[in-house]
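Participant: First the structure, which I've put down as structure tokens, then a few questions once you've had a look.
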Amino acid sequence: MGALMVIFSLQPKQRNKRKDSVEDELEMSTVRHRPEGLEQLEAQTKFSRKELQILYRGFKNECPSGVVNEDTFKDIYSQFFPQGDASTYAHFLFNAFDTDHNGSVSFEDFVMGLSILLRGSVQEKLNWAFNLYDINKDGYITKEEMLDIMKSIYDMMGKCTYPILKEETPRQHVEIFFQKMDKNKDGVVTIDEFIDCCQNDENIMRSMQLFENVI
């Protein structure tokens, strides 16, 4: 989660608090995409008004139009993983944040997802993770979808893994995880199977926590 937090929470010089609030509201009215009011977002997320102000300033600094497209998202995200190729994983991550599938991520999309990943319950985080792995959004995870995500993570981490991973390592891990998750052996993993397996398998939960660290 560290990469996205650094990207969009860079705080500019301290300003008068009242002025901050007024300027934030004015900024929200001038960008191409106008986000919901801070009060509404405060009610919908687990961020305070001040945290939302800081996040909004950082988001607007990177995305003056008020929305971020996939290419910009990839460019920003890849800065944090120069040792590997983050483009494919950033593509999957972008699609998970783009909840209405319109090809752009608004400030609301961003903070709603960030709220779950940083402060959500285990159930909420696992629901979000399932959505990430369910690449075609049909309500199921196939072995190939899981492998695509796993490969993209290894590609992104590049040479920073030790010992250096063999090419077949992602597939081996997916075979183990999928066998555990696909309880009824029908070739797909449902959200109930995914959550139940993650909550009851310490090794998988540890892997999920590592996965959070690269978001």
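Placed from the backbone N, Cα and C atoms, the Cβ positions cover glycine too.
Feature list, courtesy of TrEMBL:
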| type | residues | note |
| --- | --- | --- |
| DOMAIN | 85-120 | domain 'EF-hand' |
| DOMAIN | 121-156 | domain 'EF-hand' |
| DOMAIN | 169-204 | domain 'EF-hand' |
Participant: Using a Cβ cut-off of under 8 Å, list the residues of the same chain at least 6 residues beyond the domain 'EF-hand' (169-204) that approach it.
Facilitator: 122-123, 126-127, 129-130, 133, 139-143, 146-147, 150-151, 153-154
Participant: Considering every residue in the domain 'EF-hand' (121-156), what is the mean pLDDT value?
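Facilitator: So the average pLDDT across the domain 'EF-hand' (121-156) works out to 94.
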Participant: Do any residues of this chain, six or more beyond the ends of the domain 'EF-hand' (121-156), have a C-beta under 8 angstroms from a C-beta of it, and if so which?
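Facilitator: Same-chain contacts beyond the ends: 81, 84-86, 88-93, 95-96, 101, 113, 165, 169-171, 173-175, 177-178, 181, 187-191, 194-195, 198-199, 208, 211-212, 214.
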